[in-house]
């Protein structure tokens, strides 16, 4: 698995990189949250645009991207609009979703962008090309809030993301029992050791899946999400607790 280094942050080696989401609804809340989150020193700050009250207004979104870029300084900035069908806060038709991502990429003020795998292969490929032209890295994602697919299906989706040009494939699943957690961890380890030629992010959600958010360095997930002001998905824990566990594992599990 190759390491991806963006602005000096090496994704795919050492401790999993910590991503903190911004979950504010208003511009003021989001900018205040960005200032607070910076103090927690994440590796990557994610703006969850689907929570923003003006997410349908592309001009408002691009203006806020510019303000966030100034606030975050050189911190890595991930732009994510999570669609409703994949657990997001806002309904948006596909053409509007694609246009929003295009606008975000063309600001050149973001470092990474989330593109959902099931947005149509041609659409995804076009967005990946646009991202690469603008020096934006692609986190390609899929989320199952109902269940954990079988191991081969998880691997198949992650491999498809690689084939479509993802710089970082990402998969999040919901466990119904601890066996599902083991399925996700097994799929992650197999993907990392056999198929992945780039960093991947995986997680099993909710309380049952918590160990997957902590054990990325062991099984092969390159980043993990911690809660800043507010969690963006079930199972996220506060960043200070997350970092201390990652640190313990990093110091004590290396051969």
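Think of each number as a place in line: the chain as shown, counted from 1.
Backbone N, Cα and C define each Cβ position, glycine as well.
Remember, predicted model here, so these are calculated numbers, not experimental data.
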Quiz item: Of the candidates 69, 213, 254, which does Swiss-Prot annotate as part of the 3-dehydroquinate site that also includes 46, 47, 48, 82, 232, 236?
Solution: 213
Practice problem: Could you find out if DSSP has residue 82 (3-dehydroquinate binding site) as helix, strand or coil? | Solution: coil
Quiz item: Among 46, 47, 48, 82, 213, 232, 236, which the record lists as binding 3-dehydroquinate, how far apart in Å are the two most distant Cα atoms?
Solution: 19
Quiz prompt | Cα distance (Å, whole number) from residue 143 (active site, proton donor/acceptor) to residue 48 (3-dehydroquinate binding site) | solution = 15
